[in-house]
Each structure stands twice: as structure tokens, then as C-alpha cells.
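Visitor: Pulled from TrEMBL, these are the listed features:
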{"type": "BINDING", "residues": "GLY104, ILE124, SER132", "note": "S-adenosyl-L-methionine binding site"}
{"type": "DOMAIN", "residues": "4-142", "note": "domain 'tRNA/rRNA methyltransferase SpoU type'"}
Amino acid sequence: MSNLRIALYQPDIPGNTGTILRLAACLGLQVDIIEPAGFVLSDKNLKRAGMDYLASVAMTRHVNWDRFDAWRLSEGRRLVLASTKAALPYTTFEYLPNDILLFGRESAGVPDDVHDRADHRIIIKMVEGQRSINVAMSAAMIAGEALRQTGI
Ligand SMILES: C[S@@+](CC[C@H](N)C(=O)[O-])C[C@H]1O[C@@H](n2cnc3c(N)ncnc32)[C@H](O)[C@@H]1O
């Protein structure tokens, strides 16, 4: 099990969360869900995407952003936000083995105060004119790079 974590800020599409939970189960990553989510965690679309992998994922639910942020500070973990508004390419950033990779909600990303609280903000560069990548695809790309660098 890696010490890297994926955090989802108020996710609102259950199929994406299920896909990320399956990814985390397969890569040995832990997952933080920052509530409120736009669905219940027993949602059938989440279960369909996560399949039986859900049984082996290490997931923590946090009741709100403030509680999550206080917890991660107490753990001494950096918060690395994936954002379409960032400037630093995700392949240039140097990850630490205990980083938390934070992803925004599908409909609206993260609010400005959460954006500002992150220790670092990284982007997957896209071609001119495109808006954003699916959150689960973004998580797979960035987690893959973080694991490649940290070697765990
Ligand atoms: C569908 S996107 C959110 C789109 C939202 N309208 C916005 O402007 O942020 C969901 C999440 O995926 C991640 N994401 C999507 N594309 C990305 C990119 N090119 N670089 C970094 N993160 C990205 C971010 O964490 C984003 O908050």
C-alpha cells in the first residue's frame, strides 16, 4: 500500500467516484471523500463502476472541507491540487510519497478558498480551446506520474 492519497472534493458523478475507487484499489492508493457528495455512497452507478474492487479500497469520508484540511495538516501532508487554472505541468512537479492529490468536483472544480489553501497546483496541459479532462482520467494520469516518481 502506497502512502499517496487521492482526495475528491464534493464529487457529484457516482460513476467517476467508482472508477477512481477501483483505480485506487488496484494501485494501492488511499482515498479521501470530502463531503457533501452529490450522491449517496451506496449509489448503484458507483457500485457498477467500482465493482468488487470497492471492498478492498481504503476510503475515508470527511464531513466537510474544514475537517479534512485540519486532518491533513495534523498529518503533515502536502495538498497538491489538480486544476485547469494551474500553471505548473503535472510532469514537472516533484511529488512526495505522502502527498494528497486533490481533484475538484465535476461541475465546478473547487472554490477559490480551497484553491488558495493547496500547497501546490498542477495542470495536465491541454490543446488550445479544450476545457477539461474527465476527473477519473485526470486522477489516473496524475497518480501514475506520482507513483512513477516516488517509486512506490
Ligand atoms: C471536469 S473537471 C472540472 C471542470 C470545472 N468546470 C472547472 O472549471 O474546474 C473535474 C476535475 O478534474 C481535474 N482536471 C480536469 N482537467 C484537468 C486538467 N487539464 N489539469 C488538471 N486537472 C484537471 C480537476 O481536479 C477538476 O477540478
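Each residue, glycine too, has its Cβ placed from N, Cα and C.
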Visitor: Around the S-adenosyl-L-methionine site formed by GLY104, ILE124, SER132, which additional residues qualify by having Cβ within 8 Å of the site's Cβ center?
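Guide: After dropping the recorded site residues, what remains is ALA82, SER83, THR84, PHE103, GLY109, ILE123, ILE133, VAL135, SER138.
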Visitor: Just name the winner among ILE124, SER132 (the binding-site residues) by count of other CB atoms within 10 A of its CB.
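Guide: Comparing the binding-site residues ILE124, SER132, the most crowded Cβ belongs to ILE124.
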Visitor: Just how spread out is the S-adenosyl-L-methionine site if you go by the largest Cα to Cα distance in Å among GLY104, ILE124, SER132?
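Guide: For the residues that bind S-adenosyl-L-methionine, the greatest Cα distance is 14 Å.
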Visitor: Give the sequence-ordered list of residues that share a chain with GLY104 (S-adenosyl-L-methionine binding site), lie 6 or more positions from it, and have CB atoms under 8 Å from its CB.
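Guide: Same-chain residues close to GLY104 (S-adenosyl-L-methionine binding site) (Cβ under 8 Å, separated by 6 or more) are TYR9, LEU81, ALA82, SER83, VAL110, VAL135.
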Visitor: In the domain 'tRNA/rRNA methyltransferase SpoU type' (4-142), how many residues does DSSP put in helix, strand and coil?
Guide: 51 helix, 31 strand, 57 coil
Visitor: Suppose you look only at the domain 'tRNA/rRNA methyltransferase SpoU type' (4-142); what would the mean pLDDT be?
Guide: 97
